[in-house]
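Student: Sending over a structure as structure tokens; questions will come in a sec.
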């Protein structure tokens, strides 16, 4: 395998890592800075700020983890570094 | 050996059928007990049947999974499919405290308690993206094993073991304590005997089959604990709102709580300036501490050895990544239900207890008051007379008069909802499963580090397989006995001990694991200095600020609570690691190649080649 190929793969992998961590930081921290403002919106009895901390962020984390596994596998396959099936 | 291999693959291919039958069998068992209750079998016997039956099943799985192969013992032969490893990790992860006290913490703290929910789920994103797949590719048996390979040998290995023991031992003591408390409460047996029974259950599951036995037991325990957690609150939601989906319907409970809070203030039952509103953010803590706690719990999750080692058992790197997703999904099911528990319980208390006259108190108050878990006016609410005596001169219950222990919110819910005892027994079995499964994983993490890393890698590199596995089991027994002894010597609040573990693991392990994989320039000297600095800073802060006898009880620095001590240690660990790495020569070409191999999914497991070469 060519070295440039390897570098291309690693830079895509790093890109995915950084993208995932940005989403993680937004839903782990940043969005909760605005809890008071979000609590003004009430859906089905849930103030939105409370809801995001109790459920919304968690749903994003679950989806993000599965998305990461799917995307990383696609990158691995594209650059021929995936394991055999 | 050949028959054992084919037996194993038969087992792996039929996992769905086996655990489906197990779940059906468990449901039938619960229904049988419900019938026994209706024909008048006493509660105490039902409690014994619940605890006895489940422990026997776990022990049977443990015994059937016995093994004399090293890779089966340490990493379950690396053939646990992603979904089942996800269930096992969820059981491994969710402790007795998560099961019993999480909802209670949310009841007491309201919004501020959500820091735990966020921290203990968000950390899995870091596990998946930054660490677990790479450790799986490396093929370590333990976390210190990886640190030793990446950072030049036994000093890094030793530091890894120190961090592992510091993070795991306090945690396991909390679990053993939890099994004792559950046995005490449900079976009415003395706490010390309960601890003994618990440790016996743990050892039967783990001693003969190591990781293989613990994996299949934990899957069984997850099924019990999640059914037990969901059933009472689903029924409560159906009773209160007409729809059995508590996670969606507790919005109604939140609105009622807010209205009842206002009502209490208007009626003089609570003071406007002291009431902690359930929905109000940062009423019991400030934003700085809230986010510091979220941060430490997340980083800690991604650093705890007993969690990371679960991903060593998957058949491939690809499965390891998926498995983190499954783990988080299974964990999410419990954590997004916990706030619903808290809300329904609070609704009940604010509606039927606060403002009620003493003669009208619901019966569950006395059931839990007898053991002092519910108090009115500062005295155990054991009976109407006791309550009237303690609250002499008052007509109705005020908010400040009432107090409920946070670890009984989940356990009391069946009685609050007026359900038969069999549901309470089910919750007890679930709590026990949660505590046992976490204790299994933690004990195995510690014993494996001591037997693989210290005994085999540092003391006797030529030990034959049989002797290694005997040593592993003797060490497991020793650690278990030490844990049980410590648990009976009455440690402080469960949740505080567990939270120490997170900050210590985060500061000690995370920078080294993260930079070891993602930064080739990280040197041995850098890693060692960073681990010592990060772990040392955190430990120093914990001891400096913890109340005696654990520490010196000194003033907090920047108002950071003791529980978030990692907020100092984690950045210091990173800074020292990076600085010292730049001051020392670049790692060797071979080391950089090793890092490349750890990163790349294809190719054989890195550690196995090292093992073959050194053998």
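Glycine is no exception: its Cβ is also placed from the backbone N, Cα and C atoms.
A TrEMBL annotation is a machine prediction, not a hand-curated record.
Annotation source TrEMBL lists transmembrane segment at B:21-39, B:45-65, B:86-108, B:186-207, B:219-238, B:290-312, B:324-344, B:421-450, B:470-488, B:494-518, B:525-543, B:563-583 (among others).
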Student: Is it true that the transmembrane segment (B:186-207) and the transmembrane segment (B:45-65) have 3 or more Cβ pairs under 8 Å, skipping pairs fewer than 6 apart in sequence?
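Tutor: Yes, the transmembrane segment (B:186-207) and the transmembrane segment (B:45-65) are in contact.
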Student: Take a look at B:86-108, B:470-488, B:494-518, B:563-583 and tell me which one has the most Cβ pairs under 8 Å to the transmembrane segment (B:324-344).
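Tutor: Answer is B:86-108, with the largest number of Cβ pairs below 8 Å.
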Student: In terms of Cβ proximity under 8 Å, which residues at least six beyond the ends of the transmembrane segment (B:525-543) contact it?
Tutor: 147, 150-151, 155-156, 159-160, 162-163, 166, 500, 503-504, 506-509, 511-512, 515-516, 550-552, 557, 560, 562, 565-566, 568-570, 572-584
Student: So if I exclude everything within five residues of the ends of the transmembrane segment (B:21-39), which remaining residues of that chain have a CB under 8 angstroms from its CBs? That is, six or more out.
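Tutor: Tertiary neighbours of the transmembrane segment (B:21-39) are 46, 49-50, 53, 57, 220, 223-224, 227, 420-422, 425-426.
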Student: Mind checking which residues reach the transmembrane segment (B:470-488)? Cβ under 8 Å, same chain, six or more beyond either end.
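Tutor: Cβ under 8 Å, 6 or more out: 73, 169, 172-173, 176-177, 180, 191-192, 195-196, 198-199, 202-203, 206-208, 210, 439, 443-444, 446-448, 450-452, 455-456, 463.
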Student: Under a Cβ pair cut-off of under 8 Å, which of the recorded stretches B:86-108, B:219-238, B:494-518 contacts the transmembrane segment (B:45-65) most often?
Tutor: B:219-238
Student: For the transmembrane segment (B:421-450), name the stretch out of B:86-108, B:219-238, B:290-312, B:494-518 with the most CB-CB pairs under 8 Å.
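Tutor: Answer is B:219-238, with the largest number of Cβ pairs below 8 Å.
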